[in-house]
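Positions annotated as region 'Disordered' by TrEMBL: 48-97. Among the features that TrEMBL reports, compositional bias 'Low complexity' is placed at 49-63. What TrEMBL lists as active site, proton donor is Glu228, Glu477. Per TrEMBL, the feature active site maps to Asp373, Glu496. Look at TrEMBL and you will find Thr582 tagged as Ca(2+) binding site.
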Amino acid sequence: MQWRALVLGLVLLRLGLHGVLWLVFGLGPSMGFYQRFPLSFGFQRLRGPDGPESPASGPAGRPGTPGGPSGPSWLQPQVPGAAAGRRRAPRRPGPDVCGPGHWGYVLGGRSRGRDEYEKRYSGAFPPQLRAQMRDLARGMFVFGYDNYMAHAFPEDELNPIHCRGRGPDRGDPSNLNINDVLGNYSLTLVDALDTLAIMGNSSEFQKAVKLVINTVSFDKDSTVQVFEATIRVLGSLLSAHRIITDSKQPFGDMTIKDYDNELLHMAHDLAVRLLPAFENTRTGIPYPRVNLKTGVPPDSNNETCTAGAGSLLVEFGILSRLLGDSTFEWVARRAVKALWNLRSNDTGLLGNVVNIQTGHWVGKQSGLGAGLDSFYEYLLKSYILFGEKEDLEMFNAVYKSIQNYLRRGREACNEGEGDPPLYVNVNMFSGQLMNTWIDSLQAFFPGLQVLIGDVEDAICLHAFYYAIWKRYGALPERYNWQLQAPDVLFYPLRPELVESTYLLYQATKNPFYLHVGMDILQSLEKYTKVKCGYATLHHVIDKSKEDRMESFFLSETCKYLYLLFDEENPVHKSGTRYMFTTEGHIVSVDAHLRESPWKEFFSEEGGRDPVGKSGHRPRPHELKVINSSSNCNRVPDERRYSLPLKSVYMRQIDQMVGLI
């Protein structure tokens, strides 16, 4: 018996020594931003930048080079140039990196094997289930829309818990969360117009358009944010106008009897009321807010965010080209160039808050989320719509800077050692990490990467946000990846993750993204549906709610979910190329919008400083209507980004997000 005890003791001692070595040299289980997130393969226990060094780490957290700091490479500075030029086709990972055996090891022996992953996702998405999800998405929109019309119209928003309407907060002008958005112009109805058309509801679309024409006025004593009024109202009016006047009528008969371009006239009226924001500003960057009756308030703030000032070009450019009036595109493009000229000479990055008079950066944080998101988006989308090469050049330059300074982690998503890629918030001048949170608005970025063909990176980044969704059944407004917990706990029914899911499905046609959409749909039904609509989640953990349904829920969230499951929708089948604005409004990409008779006004060679300090601003002339259905020749297809993914690659993504 003694020898048996001795052998047992030696075995236990050996196991204990192995365990100590396993932990000391970082070979233990993954300690990612939360332990049940499968994307955390290879993560080390999170430490600050000044943590102890490990001989196994190299510069910027790269394994294999002695002398570098340990800890996740998200906390380490990026090596400039190391991440540039990543656009590539997905590569097949080696069997020891991404195979089921590896995943079983990383996840503590919980390997489910190849067959189970293929059965779970890649076994297609049955047509009957797809139709069921499409109808569920349509029903979600109808439930919210009908309740808005029954209980809230003509006010701006629906309070879905108490079944009543909401307008501007007249008693508290400082309540910008409400007053920036709600202008007393039936916002939810206006914002939802093109969703009705995309869902093929011609009778309700026609009824809604007539209601807007007959009841909505912008001659209101309302102080609104220029950005919100532009993307939600101006963009929707232009989108609906083009749907009505499209000679092809791909969504069914959406024509309006005796329609006389009223929506275009309304868009022009609103834009003229927003123009004072661009006056009396020394940089050409607009004031953040205007009163629709009186112009810029006397006590107006001289500080604005980059996205708010620099994301007006799509809507203003469309309006200018439909009217033949360069004024609106001119002021929007001048603002973009002014911001562009203020970027850091060292990093090429922009900050998130700027003084419109001095050009001084008040907020020096550079990231992908709030304050900057749609600025990047509209550089690319302006090029897609208008074909101005300088927009693409600016986008390519800032995308390179984003890759060099914001992207942390290993080079490839699906192979290699180290942490998976993540985009962090840095100082615009130094590129140094400023905080350890991401915000939910950043979830738009994978969709933007799809548009430029960087599909592999888009897949990986999307998996990160989806994994957070899987944990909470929603996306918290801010998530701290170091503390492994939300920093800001509410979820206002935002569409960004759904948008990226839809675009990734269009790029890959992988049924995995249909499962993602189904998860999101079911979460929204389970956690946000209330008596008269869908409510903001006040707290993503305890699922308490706020009595508000923002207009973008109907204009974007429901729309992208519906399109994800509606394979036969004219958006996908009509032969017309479409693009979505940052508020999800659909715009056909055609040659007419690429016609610009006033290019000399926009070029520096034409004698005008890009920040508008010299040169003559063209004056608005009498409204001239150009029918948007004429000259709708398709623009040559300059990039095809339908990219089939190998099953082994998608299995890795399935494993990332499917085990939470």
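Yeah, the Cβs are placed from backbone N, Cα and C, and that goes for glycine too.
Straight-line distance linking the Cα atoms of Glu228 (active site, proton donor) and Thr582 (Ca(2+) binding site), rounded to a whole number, equals 11 Å. Summary for the active-site residues Glu228, Glu477, Glu496: the Cβ-based neighbour count within 10 Å is maximal at Glu496. Between the C-alpha atoms of Glu496 (active site) and Glu477 (active site, proton donor), the distance comes to 11 Å. Same-chain residues at least 6 positions away in sequence with a Cβ under 8 Å from that of Asp373 (active site) are, in sequence order, Ala307, Leu441, Gln442, Phe444, Phe445. Close to the residue listed as 'Ca(2+) binding site' in the fold, though at least 6 residues off in sequence, lie Ile231, Ser311, Val314, Ser374, Glu377, Tyr378, Lys381, each with a CB less than 8 Å from its CB.
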